[in-house]
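Visitor: Pulled from TrEMBL, these are the listed features:
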REGION    1-82  region 'Disordered'
COMPBIAS  57-70  compositional bias 'Basic residues'
DOMAIN    127-428  domain 'Peptidase M24'
BINDING   H195, H303  substrate binding site
BINDING   D215, D226, E423  divalent metal cation 1 binding site
BINDING   D226, H295, E328, E423  divalent metal cation 2 binding site
Amino acid sequence: MAAQAPTDELNELSINEAATAKGKPGLNATNGNLNRDSDDSDDDAEDAAAAAASGAAKKKKKRKPKKKKKAPTEQSDPPRVLVSQLFPRNSYIKGEEVEYVGENSYRTTSEEKRHLDNINSDFLTDYRHAAEVHRQTRQWAAKDIKPGQTLTDIANGIEDSVRALVGHQGLDEGDALRAGMGFPTGLSINHCAAHYTPNAGNKMVLQEDDVMKVDFGVHVNGRIVDSAFTMAFNPRYDPLLEAVKAATNAGIKEAGIDVRVGDIGGVIQEVMESYEVELNGTVYPVKSIRNLNGHTINHYSIHGTKSVPIVKSSDATKMEEGDVFAIETFGSTGNGYVHEEGEVSHYAKRGDAGKVDLRISSAKSLLNAINKNFGTLPFCRRYLDRLGQEKYLLGLNNLVSNGIVEAYPPLVDKKGSYTAQFEHTILIRPTVKEVISRGEDF
């Protein structure tokens, strides 16, 4: 970081009094005494002053020492200090490390497994960097978000913070692919469980009695941290939030190498459905939303090929060394089942999209912008607006209909119900399981 150059100033030299110099004695012809002639005295004084000034001018100029700006030691409010400045030399905090048990307990001390961990140092650095950005952003958001704010302001506040903390605004071509948003900020309210973010012109305001899921991703070099929490301002919803948080933690505890994902779903469901919520005199059981799942995360791809159900399942797929999982659970006071409904805001280019001969020019130009700015990272309409894209809906819909871009409509349970979500990203490392997004908040 460049130091601010101080203004050079000369030390001011002041001569308070002219030195009184002794003049040569002269003979007064009248009385023969030695006296100082007054004219000679004045001349001598001026000569002395001039000599002093000349000597001072020859002195070396004194410079004030340059002051280096101290590196920041804490985050600002709102968050704007680069996380890389707060953690110099990539000294990012580890997530919660959990040792394997049973037949995998040897991994913690195995030299071979430690070696595999060590050669993944860049992978871990990027993930821990992204996780720290997520923690600092969400902890600020949890304090800042209040009823009366618009969803647009909330989403922009989170996303502006993420971009500032990674140092990539995402406005230059390819910049958002280096680091930034892993996917758009989801702000799904009440019976809407997922995939809702405001589009341009949205005037929705957060209300005192709302239950809002805050779900956003941060990536560094394509390593995506996916974590979510739920906010409610009325304490009557506390049991719902406690149920989902406990279910998520139970799923994280159960996860590990060679664990079957169907078994994890059974544990999650058992914990989730042990809770109930009383609303307006009616007691509602908390239900796991059975058609929502956790999932693996791949490089630059938020949804991998493996899923983690949140109800008991016969799925015998096993977690493996090197996997990255988003363990997320959703609880509902409604049917425990969601369907697509409402205006689409979330999109992502399909990783398996084939080459299609596009006939609409706006679709071609939009696909070029998507490739250069997002790749396979999810994006939303606000991101296209921010890049200066105009009149793109026809082209966007054409990309969706041609199977190049996937649309993700909002997912809702029945109206009048309330849903909650908690989520963490875990790394199935060779030596330990690391809950990379864990923080003091949850």
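Using N, Cα and C of the backbone, Cβ positions are placed for all residues, glycine too.
Note that the structure is a prediction, hence the values are computed from the model and not measured.
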Visitor: Counting only residues 6+ away in sequence within the same chain, which have a CB under 8 Å from the CB of E423 (divalent metal cation 1 binding site)?
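Guide: Expected: D215, D226, S227, A228, F229, T248, G294, A326, I327, E328, T329.
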Visitor: Neighbours of the divalent metal cation 2 site D226, H295, E328, E423: Cβ within 8 Å of the Cβ centroid, same chain, sequence order.
Guide: S227, A228, G294, I297, F325, A326, I327, H424, T425
Visitor: Specify all same-chain residues, apart from the site residues D215, D226, E423, whose Cβ lies within 8 angstroms of the center of the Cβ atoms of the divalent metal cation 1 site, ordered by sequence.
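Guide: Nearby residues not in the site list: G186, F216, G217, S227, A228, A326, E328, Q421, H424, T425.
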Visitor: Measuring CB to CB from H195 (substrate binding site), give everything in the same chain under 8 Å that is also at least six residues away in sequence.
Guide: G186, S188, S345, H346, Y408, P409, P410, L411
Visitor: H295 (divalent metal cation 2 binding site) to H303 (substrate binding site): how many Å between their Cα atoms?
Guide: 6
Visitor: Give me the mean pLDDT over the domain 'Peptidase M24' (127-428), rounded to a whole number.
Guide: 98
Visitor: Does anything in the same chain, at least 6 positions from H303 (substrate binding site), have a Cβ under 8 Å from its Cβ, and if so what?
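Guide: When sequence neighbours closer than 6 are ignored, H303 (substrate binding site) has H295, T296, I297 within Cβ distance under 8 Å.
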